[in-house]
């Protein structure tokens, strides 16, 4: 009971201090909110980028081998059978010239070109799905060595583009993590200074507490609660803003950059919100912990 | 009277060759040795800067001695772990010149504060605060705020707060320093009653009239040293009149 009475006393004290320290608290909440918003936005953008990359990876993990006109069907069958036996290949499908033409015709941008054609210029294709993106280059090498492949454009392999995209994604991840670490450090320093100010405002109360025999952690606890509240309220505000802007942002993105496969992903938003709340609370606690260890001593 | 002191043969306070030098090099106390038996009323006198307040700070372990040993109720303060300090301070009642009351709390809440930080139940708090306020004669002012009280009444609240833990030792640093002579005398009567109840009282003061009138043990400090220790002393015997402040 005694412990709960003390906890109640400190909770009330922390809550009062949070509001009494008004100006500084609001400034700290807004600063941390902006930092978390920046962090959250970068995480959302990172997620969007990985969505886009994933879409590309799926698309390019299927390599199309163009079959030269006049290649005997037996040669095509043999090559497809060889491909199916390879461990890295998951699926092999033949696309006839007619089917490929229908695909070509389904794109409205090709209508004008089609009207000028009097024969079928598109080659038949062998579509090969591979397990890993890195396997595409192996299949590309095999296809280029196969005699039935179209000499002018044997495959649709875009090795450099994908490698560059993956490299860019890795760089952005590292830069994002670095930026995030700096932002976290700034947040901790902001909380530390907020709590330092609160300690200064309540120095008389702290002095009396010490004189009447309060323990060191009893004196420190309200400041931990204040720091925790600062971080958590800042995180809650940041999450609210992110939730409000995420969906309209994706809708606008889909409208303007329709060729990029970015979609609204509610399954990512909920854990992100919870993680940001935990992060905000953690930042508040860490900042206030460091501060009270330095400034509140018996 | 809410005090319930326990006496034993050990002195309540014992200082053995205590020195205190601050980090800036100031030597505040030099080789102080003294003993205060249980139930004594002791005045610490001396000019400003003599080392009285430093001695009080050492006695509540706000400072550690640079050299020497300080024992309170048999506990050596210099070797006391930080986590034991709160328990030690609950055994000592502290009264200061500036009262150290919390302006946002009422009289009752100020006194109760000392018990609430320990997590005492409302029933215990109510009983002990009422008892302490009765001792200092402020039961009818329990709902007032410090700003609504006179200096003497504020000091009574501070004394009530010092008494709620039923301490065996009261340390007072210039408790009448901000009060007019009549009010100072009322506060002294209160300390005398507390002392008569069995508590040891150590009071640093500049108040010559009170010291001379009460004729209790007087330890005079000057330049950080004990220059006089009289069983039934006076203030002015060791100090030139120019150094005395009323």
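We number each residue from 1, going along the chain as drawn.
Every residue gets a Cβ built from N, Cα and C, even glycine.
Quantities reported herein were computed from a predicted structural model and do not represent experimental measurements.
Range with TrEMBL annotation transmembrane segment, chosen from A:21-45, A:46-70, is A:21-45. TrEMBL tags one of the stretches A:197-220, A:269-292 as transmembrane segment, and that stretch is A:269-292. Same-chain residues lying 6 or more positions outside the transmembrane segment (A:21-45) and placing a CB less than 8 Å from one of its CB atoms are 176, 179-180, 183-184, 186-187, 190-191, 193-194, 197-198, 201, 226, 230-231, 233-235, 237-239, 241-242, 246, 268, 272, 276, 279-280, 283-284. Each residue of the domain 'ABC3 transporter permease C-terminal' (A:179-297) gets a DSSP state, and the totals for helix, strand and coil are 103 helix, 0 strand, 16 coil. Per-class residue totals from DSSP over the domain 'FtsX extracellular' (A:63-140), listed helix then strand then coil: 39 helix, 19 strand, 20 coil.
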